[in-house]
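What TrEMBL annotates here:
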type	residues	note
DOMAIN	67-340	domain 'U-box'
REPEAT	104-146	repeat 'ARM'
Amino acid sequence: MGTEGTTNYTYFGRSISQLSINDESSSSAFSDCNSDRSGEFSAASSQTRRFLLACAADNSDDLIRQLVSDLGSDSVNEQKQAAMEIRLLAKNKPENRIRIAKAGAIKPLISLISSQDLQVQEYGVTAILNLSLCDENKDAIASAGAIRPLVRALTSGNSTAKENAACSLLRLSQVDSHKAAIGRAGAIPPLVKLLEAGSSRGKKDASTALYSLCSTVKENKVRAVKAGIMRVLVELMADLEGEMVDKSAYVASVVVTVAEGRAAFVAEGGIPVLVEIVEVGTQRQKEIAVVILLQVCEESAAYRKLVFDESAIPPLVALSQSGTNRAKQKAEKLIELLRQPRSGNGSARASEVTG
């Protein structure tokens, strides 16, 4: 051993001396997703991990080929070790994400996602997440059959696997053609469950994935409604001291663009929650709240009456005078709608309230 912070090793026949093993980056999470906890290793193994990462700068192709081979080992421990190293290599060196995929790692990693060993499953899910951060890998991961195993991990995995599966599906959904396939694979209900009952991190990952999946695919919006998303979203928005008000409102704003979403939102008591947000929320919360209210009210006199009866006019007038430019415009339009005569239209649209 040399000076403190350096070491001597021989790896793949190459001697490495005076190599720094300071690797603070391995303990930091992705700024993109903030869910990869691959820096959490015991002190006894950390030197080896750090050495492999540093060594990979020059020997990455040899190292990656060996690790990909180990993924197919009959030994669960070897699989676990290889998946752990690959997730680290893909996390800390973005250029390795393409090298790892080209070396044939995607299919064996997907196989590990179905492992009965929860830690192997977690490492497999997280390695796929890290590879999916590279746009060039997204189609390859989806076409290799990753979507359904990732959906299963949302229900069968440990908390980290669930969170990272949600993040992986989010990354894959950034390719528009994958959104419908992810919905058909059954991702929406477990994501709604994670949104409701997950950790703080899990709730955020689930909301972001749901927003992406529901933003442009009508079928996914309907699936979300059937999975009970509106009850969860309204409860999260009602907790004005919580950290999910904004994210939940943004998800609601895309789901209410379908009639089923509007009906469910009203049935779950969403209107009084939004009126309160318009009155006491932050500027950003007020803006998204008035956007949702306008979406709900534009085609339904019955819903307009419900909003009017919540004494929404005064806070809307205040917002039209002091909100963001977008909030002012939406508030003015909603006030105009609410002040229209309601006789003759309410009964025609009343079925939407109970439908």
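Quick reminder: no glycine exception, Cβ is built from N, Cα and C everywhere.
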**Prompt:** Can you tell me the mean pLDDT for the repeat 'ARM' (104-146)?
**Reply:** 96
**Item:** Structural state census, the repeat 'ARM' (104-146) (DSSP three-state)
**Value:** 32 helix, 0 strand, 11 coil
